[in-house]
Amino acid sequence: MIETGGNGRTWLLTGAAGSYALHLTDRDELVHLHWGPRISLADAESLAAEPPPPYWPFESQLDGREEYPVEGGPRFVRPALSVRTPAVRGTEWRHTGSATDGDELRLRFADPVHHLGLTLHYRMRADSDVVERWATVAHDGPAGALGLELLRADAAAWTLPRRERWRLSQLHGRWAAESRLVRSDLAPGEKVLGSRRGHTGHQHLPWVALDAEGATEESGEVYGCALGWSGSWRIAVQQLPDGTMQITGGAGHDDSGLLRLAPGGTYTTPVFAGLWSDGGFGGASRAWHAWQLAHVIPDAGRSRPVLYNSWEATGFDISEEQQRALARRAADIGVELFVVDDAWFGARVSDRAGLGDWTPNPDRFPGGLKPLADEVHGLGMRFGIWVEPEMVNADSDLYRARPDWVQHHPGRTRTEFRNQLVLNLARDDVQAYLWEQLDGLLSSAPVDYVKWDFNRCFTDAGWPGEPYPQRLWTEHVHALYALLDRLRAAHPGVAFESCSGGGGRIDLGILSRTDQVWTSDNTDPLDRLAIQHGFSQLHPARAMAAWVTDSPNSQLNGRVSSLRFRFVSAMAGVLGIGGDLTGWGEDEIAEAREWVDLYKEIRPVVQHGELYRLRAPDGGLSAVQYVRGDDVVVLAWLQAQHYGEQQPPLRLRGLDPGAAYACPDTSAVHRGSVLLHRGLRTALRGDLDAAVFRLRRI
Ligand code: GLA
């Protein structure tokens with residue numbers, strides 16, 4: 001809900017439990033008033049009437065108060081907007097109008113010197129406390145006017161209230177070690193996270209959370225900000241001299257040039273979403289999850305199937321017969337979606353060749369993919385394939401025909417990673433080629449699922465002949481989004497997974513057009529607990545793909561673990577199987593079938609329930625709990641038992657203290673208040689033990 005007061009210059013947005021308020025002064029300064037629990041319009045108006053901070057000769061009266069600080073004028077904070085022509089740098093705006101459209105507030109400004117139009121967008125939905133913010137920049141000048149260089153255009157600047165001791169939570173990592181949660185105290189100055197790699201990156205998820213008064217998992221105030229962008233990005237957290245916190249975020253890492261706007265050109269920033277919560281880190285996560293399930297992830301109400309993926313089993317050495325054999329075994333244990341990974345196309349027998357040529361390898365699939373797809377369908381499963389459309393190997397028909405289609409700088413090395421180069425998706429001809437290839441592929445065989453990979457970063461991201469700043473960085477992402485949107489519209493039955501060497505492309509932008517993401521190439525079930533713990537801070541289990549692979553772990557560390565531990569670890573998200581099923585004994589197949597059956601029973605609770613992190617994975621006992629209506633599922637893992645000590649009972653959350661809860665496996669009945677206060681006993685012991693507990697309110 002949006003309310004307007006103060007002569008049309010004060011706005012109050014109201015969500016499920018929180019409010020956000022802003023005000024336009026009579027000098028057209030857009031100042032922040034409030035972000036936190038609900039207040040009334042009268043409260044917002046009296047905040048707006050407070051005098052500005054006192055004048056000091058070396059301080060700005062605007063810094064730390066503005067909703068969207070621009071470069072220029074009496075400001076010293078990091079600007080959200082930086083624009084120049086050859087003649088003038090910086091922005092001086094005047095307000096030109098405002099509009100509300102349902103839940104969305106639009107505030108318009110213009111800088112006549114630059115012919116610049118700027119619109120700030122805000123949206124707070126009735127069922128959530130997430131505030132979605134983004135900006136549109138337009139060159140409104142006449143034909144022939146000077147082009148504008150957009151050096152930086154952030155989506156938003158968030159202002160947090162003054163507090164004593166701010167703490168930052170972030171999710172950092174690298175390949176095979178993504179999304180690991182780190183908390184640190186903030187000091188005056190700036191902390192900058194981001195990616196200058198062309199994709200979201202394994203190094204940081206585009207998310208920060210800040211708490212000031214020692215929030216815990218289930219209590220205290222937490223602010224969070226998350227960016228919906230799958231290219232290079234930056235989030236800068238700034239603690240100003242007076243203790244105010246300001247957080248800016250947007251596309252691109254540096255301030256040296258995002259793109260060039262000709263007269264009539266526009267640029268829309270990604271969404272930078274912000275959340276205030278007073279339910280601790282767990283409450284904040286649940287609010288983020290609910291918002292993504294309701295408003296971001298497509299078809300989120302539909303459960304994701306149990307999948308099989310052949311990558312760890314077969315690598316590049318694949319054949320139709322071998323895939324058929326795996327498919328039969330997968331169907332036997334209850335898999336619902338069979339995905340052929342890399343190496344089914346072109347001359348792709350290793351990572352040295354074939355990317356770019358999206359037709360089935362005639363030696364491996366003489367009749368194309370259809371015969372295998374038909375067999376998979378006949379076994380009662382859906383059929384999926386792997387693609388990596390944005391890339392090309394130098395050894396490919398595509399590159400031989402179109403060497404100019406890759407990102408490159410004239411006369412410079414074309415750096416290869418994994419023997420591949422990045423196609424320049426900003427080019428219309430590349431977009432047309434990919435559409436034709438992928439649309440053709442999805443039309444040629446009954447494909448139900450596409451795993452869309454991206455296995456290297458941008459390095460030599462140049463576009464010969466294009467003026468600087470080159471739009472290739474932003475347009476690559478827009479072209480990717482457009483391609484996915486068009487494919488989804490043309491093939492509505494096909495689901496998409498976002499992968500980038502594991503979790504290198506996980507963000508709200510890609511999640512708004514894919515059905516799930518590949519969390520990490522690290523399928524070691526123990527490492528995964530920490531990765532999943534981090535992932536869950538922002539994103540729901542419904543989007544988090546997790547596979548059970550072989551033991552000893554073949555990809556990474558040789559760790560030996562039981563099927564039980566591997567399954568319970570992967571059951572915390574969208575369960576998949578990624579081991580070499582032809583090497584599993586009959587007893588393992590039978591046990592796997594039981595786990596898959598159990599997963600299907602608890603799946604509605606895991607994928608659509610509310611998540612409570614009961615204990616973080618830190619070497620001992622860890623556990624998560626999901627609650628959906630009357631159903632409760634607890635997954636618990638013990639890394640190592642010491643001194644023969646019993647594990648402490650798990651204090652459950654989100655239950656009705658007055659109700660009784662029955663366990664269908666043991667027939668035991670527990671009182672809600674006991675489960676909440678004393679806790680659930682687990683009997684986990686030894687090393688790498690795990691268990692699933694089901695409870696139902698009676
Ligand atoms: C990436 C993915 C893997 C697999 C390989 C195939 O590394 O993360 O899951 O698909 O590519 O080459």
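Placed from the backbone N, Cα and C atoms, the Cβ positions cover glycine too.
Lifted from TrEMBL, the feature list:
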type	residues	note
ACT_SITE	Asp453	active site, nucleophile
ACT_SITE	Asp521	active site, proton donor
BINDING	Trp175, Asp341, Asp342, Arg418, Lys451, Trp452, Asp453, Phe454, Asn455, Cys499, Asp521	substrate binding site
DOMAIN	29-261	domain 'Glycosyl hydrolase family 36 N-terminal'
DOMAIN	622-695	domain 'Glycosyl hydrolase family 36 C-terminal'
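Structural mapping of features recorded in TrEMBL.
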| residue | record | contacts (Cβ under 8 Å, 6+ apart) |
| --- | --- | --- |
| Trp175 | substrate binding site | His202, Gly501, Gly502, Gly504, Asp521 |
| Asp342 | substrate binding site | Trp311, Gly315, Phe316, Arg348, Trp386, Glu388, Asp453 |
| Lys451 | substrate binding site | Asn309, Val339, Asp341, Gly384, Ile385, Trp386, Val387, Phe496, Glu497, Cys499, Trp518 |
| Asn455 | substrate binding site | Glu388, Met391, Phe417, Arg418, Gln420, Ser500, Gly501 |
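Here the binding residues for substrate are Trp175, Asp341, Asp342, Arg418, Lys451, Trp452, Asp453, Phe454, Asn455, Cys499, Asp521. Their largest Cα to Cα distance works out to 19 Å. Within 10 Å of the C-beta of Asp453 (active site, nucleophile) we count 23 further C-beta atoms, all protein chains included. Helix first, then strand, then coil: DSSP counts for the domain 'Glycosyl hydrolase family 36 C-terminal' (622-695) stand at 6 helix, 34 strand, 34 coil.
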